[in-house]
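Visitor: According to TrEMBL, the protein carries these features:
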| type | residues | note |
| --- | --- | --- |
| DOMAIN | 8-153 | domain 'Ferritin-like diiron' |
| BINDING | Glu25, Glu58, His61, Glu102, Gln135 | Fe cation binding site |
| REGION | 167-186 | region 'Disordered' |
| COMPBIAS | 173-186 | compositional bias 'Polar residues' |
Amino acid sequence: MTSTTDSDSGLSKFHRLLVDQVRHEFTASHQYVALAAWFDDQDLPQLARVFYEQSLEERDHAMMIVRYLLDRDIDFALPGVDEIETAFSSPRDLVALALRQEREVSDQFQRLAKVARDEDDYTGEQFLQWFIQEQVEEVAKMSTLLNVVDRANGNLFDVETFVARDMPGEGEGSQNAPATAGPSVS
Ligand SMILES: [Fe+2]
Ligand SMILES: [Fe+2]
């Protein structure tokens, strides 16, 4: 392998960042459970559903990366999750947090792609393509939801109606998605 290796872990920089990304995806999954539970507690079932589902998708993203690391025989330790935010005062805070999180994840994948390219890891670069596309959709989805919340101007019944009509459950996972380690849940 031509990859630059880190003297401590023996992993290429790309593989170290991928292991970090497992942590980011599990953290996002955990954060989305917190958002969903908050909406659930506020009797906003449609918003709660969107974030419960989103949480499962993030878990699948983590497990797709785990699958890749296993398939490529990378010696890694499964990371834990980072701290999440749980104190919110308005529905807008939660959706804004979700949008911020998705933008951060998009940046993380851009960086991963750059490092894969720098290290001539073409297999790794190709693996990232689905995630980069997926991030475009997830940022767009949260950006739309934030606009709807702002336009509803405090009328959460309108937001719930929009979500029920325009954000239906996606059912089985998207096509061409990488395989997960173990069963996929979204
Ligand atoms: Fe994700
Ligand atoms: Fe996401």
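Note: Cβ is positioned from N, Cα and C throughout, glycine not excepted.
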Visitor: Does any of Glu25, Glu102, Gln135 have a Cβ within less than 6 Å of an atom of ligand 2? These are the binding-site residues; tell me which, or none.
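Guide: Cβ under 6 Å from ligand 2: Glu102.
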Visitor: Under 8 Å Cβ to Cβ from His61 (Fe cation binding site), same chain, six or more residues apart: give me those in sequence order, or none if nothing qualifies.
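Guide: His61 (Fe cation binding site) has long-range Cβ partners Glu25, Ala28, Phe131, Glu134.
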Visitor: Within 8 Å of the centroid of the Cβ atoms of Glu25, Glu58, His61, Glu102, Gln135, which other residues of that chain place their own Cβ, given that this set defines the recorded Fe cation site?
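Guide: Near the Fe cation site, beyond Glu25, Glu58, His61, Glu102, Gln135, sit His24, Ala28, Glu57, Val105, Phe131, Glu134, Glu138.
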Visitor: If you draw a 10 Å sphere around the Cβ of Glu102 (Fe cation binding site), how many other Cβ atoms fall inside it, taking every protein chain shown into account?
Guide: 22
Visitor: For ligand 1, pick out the binding-site residues Glu58, His61, Glu102, Gln135 that have a CB under 6 angstroms away from one of its atoms.
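Guide: Only Glu58, His61 meet the Cβ criterion.
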Visitor: Take the domain 'Ferritin-like diiron' (8-153) and count its residues per DSSP category (helix H/G/I, strand E/B, coil), listing them in that order.
Guide: 115 helix, 1 strand, 30 coil
Visitor: When a 10 Å sphere is centred on the Cβ of Glu25 (Fe cation binding site), how many other Cβ atoms does it contain?
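Guide: Within a 10 Å radius of the Cβ of Glu25 (Fe cation binding site) lie 24 other Cβ atoms.
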Visitor: Around the Cβ of Glu58 (Fe cation binding site), how many other Cβ atoms lie within 10 Å? Please give the count over every shown protein chain.
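Guide: Summing over all protein chains shown, Glu58 (Fe cation binding site) has 24 other Cβ atoms within 10 Å.
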Visitor: Which residue counts does DSSP give the region 'Disordered' (167-186) for helix, strand and coil?
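Guide: Within the region 'Disordered' (167-186) the tally stands at 0 helix, 0 strand, 20 coil.
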Visitor: For the domain 'Ferritin-like diiron' (8-153), provide the mean pLDDT of the predicted model.
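Guide: Here the predicted model's pLDDT, averaged over the domain 'Ferritin-like diiron' (8-153), is 97.
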